[in-house]
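Asks: Under the heading Zn(2+) binding site, TrEMBL lists 471, 475, 494. Marked as compositional bias 'Basic and acidic residues' by TrEMBL: 1-11. The feature domain 'Aminopeptidase N-like N-terminal' is assigned by TrEMBL to 181-366. Residues or ranges marked as domain 'Peptidase M1 membrane alanine aminopeptidase' by TrEMBL: 400-621. Annotation comment: TrEMBL describes 1-20, 89-108 as region 'Disordered'. What TrEMBL records for 558 is site 'Transition state stabilizer'. Residues annotated as transmembrane segment in TrEMBL: 116-137.
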């Protein structure tokens, strides 16, 4: 699924022991199946087996789960400070870190008093009782090596929670039991778009895997009106359904065992309200060209909302087939995953559409259906009917998406060597849709801004559409055909879709310059991954709450996952990566996987003998959070390398225990630009040495930044690289130059280099002409400017502005205001002019005003180039007349990319009354759709007048905000980040901490909150450390 709010465009979107000690712990021990493993342990009812993802930990199931390791705190962060990312949690667990100190023995002793004796006896009795209780608890004696012997006592009966009726609910786990497997769902749905309700019937054919007296599945906010159950050919019997709302589960209990191998049918009738949020089966509305309000109903089930539309086994591993029938009013159409096979007019005048039964097994989160008044364009390619749907008045904006989807479908069919398995592929633009897009199999849903683009739109706008379409089509293989077993391995879906999104565009659409975007995405992932609140790519499977699952949809899962795949592909012999993926897809087609299944498939196709298997190397990257810092020291012809975790912290925490298998690539001054210059070796230990010629003047590590690590060259090494760039800028590729800028700012954040060293490297920037390094330098300096701008009492902002103009003013003024064909040049021009106009550069303001005047006097027929629209509109929005004119244009325009840029301009105002209005309008959801509220808040927060206003708005309206956006969702992550990431004082830290602490179950435990607090601390720490030097420098 796409992340919608990563900057202006939709972002497309374990514990490890040192390598020498690395051992794989056993998988889950299934005591129900193999009680012989622990002969003293009483045999379990097979129904106690939980259908749960495989773990690298040893879990003993039966009466709950006993973890041997501490629960991982998967708090994730997302601020981008100078190259900064996210810190790694390094818990000090050694005895030396204990806060308790043993007191010295007294020199003399005295007889205890009677009171002390009584207290001592009481404590001894209490401890003895506790020891006896612990001994007689069923289970086993846990040791470092696991569970070598079981206690012989009689097990205690499981404790079950009470259902909503007060009766005992027959299950006590957040995961569903593995005793039942759904085979087929027959779904009957009748939405009423007048009353905003729907009724449904779900018929689930299922197979009994183990003898059991219960069936447990998911249901949320559904009122079950009737339930019937059939075993084999027996008659249907009415049954009672119990509900346990905290886990969104319903259950049926039976007096006699259902026997393994039996086939059963459960029929459930129910009713519910169409959701007012953006998940489940929800209602939405939009105004057509006449101003009339139109209603539609659509679905968004990922990650855990299919249960809000129909009772189901709502976990990824419970795959089944689906036959769907939808009853609708005649003026609408309905769509679902499969083609429509029959339409029947009912006596009531309603129409029933029946869709073909799915030809593949699907997870419930991929089911989708829509009832709306849409039109389409379509074509046939590779034996697949491809269609793009939209509201009727935007039909002309669908053609680019259709052409792009067809080209990418052919590309993926060829590169994966597995044809797209369904008969049709629909891409649907929904007017009110929270995510950027959703990969429902055969029925991909999009925001309008992620799918629709006019013929006159800029190549930069088309690049966004191509990115999102490429991402979602890749999911049809990685995610849909082969699905992660549980959400802890979400990266197997999203990391792959992100990787192929960029790779497919670089291959099939080279004119879109997707390589620069991919580089920027990897920098963003490093920003997140260097904070202590980050998490591994593949986390502990003990991930049960909806909030924790939602927070997995972040830059670690998406961009870091993609970065690791790029690094692996760049490391393996040519052809091995693709061969391994084809084997993975064929081996697990229609099934669920864990990360090791991927590594094993890649290892099995090794074409040359290697010291490390793919699994050995990549487990150090996916099971460990963070990434390494490699320090280089050159003495003559000997180069010494040292690795350590790159951990941003304001608490002087160090962590040297983790090691990665790093594929180190490097070039030197004798050959440094072409791919043939690249040399590589794998660094497995804390230090490594390599020999180079004595004549080598400098080394550049991490060629083209394909590795996920940062490099520190030492004072001499940085000076040598700067001198080389000053002498000849083309000695390094543009991506290598951008990486040097990124790395030195990150090292400044870490405290390894002074800010003066950063500025010394930037002396070369006057010679720079390429997009990637210029954008990176400008981004880093702009962030510092914004920190200074928001810090009260500082007089450095105008001086910082002067420095930026001194270094970038010439290239800013050289930008023209006409159409530009090159996407790369459009991206550079947009970034340069956005900063120039924000800082009030006269040439930029005059150029923007001139273009805006032409646009208004021509009644909007004089088109503004797409990459310049936001700049031009933002300048105009600073005046009262310009702001009101743009507000009118916002309500009239049918071009979605233009509409979003107008909205950003409106939110950039520095007028307090208009700031208050636009924030309230975004929350109300009338003129401005509520889906745009995170974008509005982010834009307001960037301005000097709005950053405190937006924070206060979020605090005052938090409960209303989380009614519209689920706690933990990407929208909430975005809101928290944008409103807090520019704070850098103790006062703001205390305020943010106090507010989120008061929320308790309404968001206090979110990883994004921990990220926000870390970010403020790091801002404060960096400012305190560097302000004196900045004052002197400026």
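One-based numbering along the chain as shown.
Using the three backbone atoms N, Cα and C, a Cβ is placed for every residue, glycine included.
Each of the listed features needs to be described in terms of its position in the shown structure.
Replies: Less than 8 angstroms from the CB of residue 475 (Zn(2+) binding site) sit 439, 493, 497, each of them six or more residues away in the same chain.
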Asks: Could you measure between residue 494 (Zn(2+) binding site) and residue 558 (site 'Transition state stabilizer') for me? Cα positions, answer in whole angstrom.
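Replies: Counting only the Cα atoms, the answer is 5 Å.
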Asks: What number of additional C-beta atoms lies within 10 angstroms of the C-beta atom of residue 471 (Zn(2+) binding site)?
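Replies: 33, counting other Cβ atoms within 10 Å of residue 471 (Zn(2+) binding site).
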Asks: For residue 471 (Zn(2+) binding site) and residue 558 (site 'Transition state stabilizer'), what Cα-Cα distance in Å is obtained after rounding to a whole number?
Replies: 11
Asks: For residue 494 (Zn(2+) binding site), list the number of other Cβ atoms lying within 10 Å of its Cβ atom.
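Replies: The Cβ of residue 494 (Zn(2+) binding site) has 30 Cβ neighbours within 10 Å.
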